[in-house]
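If you check TrEMBL, you get these features:
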COMPBIAS  67-80  compositional bias 'Basic and acidic residues'
COMPBIAS  141-165  compositional bias 'Basic and acidic residues'
COMPBIAS  202-215  compositional bias 'Basic and acidic residues'
COMPBIAS  232-283  compositional bias 'Basic and acidic residues'
COMPBIAS  292-316  compositional bias 'Basic and acidic residues'
COMPBIAS  317-335  compositional bias 'Basic residues'
DOMAIN    10-46  domain 'CBF1-interacting co-repressor CIR N-terminal'
REGION    52-104  region 'Disordered'
REGION    141-335  region 'Disordered'
Amino acid sequence: MPLHLLGKKSWNVYNADNIARVRRDEAAAKAAEQAEEQRMQEVDAQRRLAILRGEVPPPIEDEREAESDNAKDASSDARLKFPGGGRKRRKRPEEDDTEFELRLAKERNDATYAIVESSRKPVSSAPIIDHAGHIDLFGDERARAHAEKNPEAEADRKKKEREYEDQYTMRFSNAAGKDGISQPWYSHGEGVAPDVSAKNVWGREDPDRKTRDIQRINSNDPLAMMKKGAKQVRELKRERKKIQEERNEDLRQLRKESHRDAHRDRHSERDGRDRRRYSDTKRHDSRRTRSKDRDSDSRGRSDDHRERRRHKEDERRKRHRDSRSRSPDRRRHRH
């Protein structure tokens, strides 16, 4: 039977204790890295804020600590690079291999950062805010003195330059002429446009000039075009409404006519039924009358027949009586 002893070994990488230890070391290294990054960002922010305020930026680390750390790191780097020289770095009590490697890496990073900071050029501590309260990131006193000129002289110089440029430069402000917008019509107290002359270019009377000018202005006026479009839209809506009303009226007339036709058909059908009923009633009455007449005729004939029979019977009886009354006389006569 094979013995499974690998899980019992302390150096087994798949052991539960070793896996938990690795995860704990990774979390600690990540937390240390985040803390170091946060510290570096805070230090950089403080230094930038001090530089913007014109103050002396605070040092990143103490000079002596930096020098001592540089010396220690240089010696440690030399020993790490050259294993045969210098004293060998040893682990501290209760420090495992992972913590030892993390400590060495942190020390090397701190030494590199200190070397880079020491190699930077010194920053000037001159104020960056001038006498007017503006921020000047350059701090050149001679340029600032050159920039502070006489405002009146600068205004005169710019005015002369503009007058010289106006001789050969077309500006949007002079689109209506050099003095075209100096005093426009809406700047007057009356607030109305000046009257346009009714003469043409040859000085002759032109009564249609105002009409043409108004048409031209309206054709070039976007507001007039908008009003025209709105008017067309209203007319179109009015026409559509009129067409819809006419269509509704036609439909109403159609419904009314159909209702009238249906009413007429119902009335004619009712009249036809009444006529048929009347004719049937009349026919039935005539049949009843004929049957009554027939019955009366038959009753009359039967009565006549009965009367004749009765009459015949009476005559027969009478003859019989007569015959009986004669028979004794005959017998008497015979005797």
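Backbone N, Cα and C atoms are what each Cβ position is placed from, and that goes for glycine too.
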Taking helix as H, G and I and strand as E and B in DSSP, count the residues of the compositional bias 'Basic and acidic residues' (202-215) in helix, strand and coil. 7 helix, 1 strand, 6 coil
When the pLDDT values for the domain 'CBF1-interacting co-repressor CIR N-terminal' (10-46) are averaged, what is the result? 88
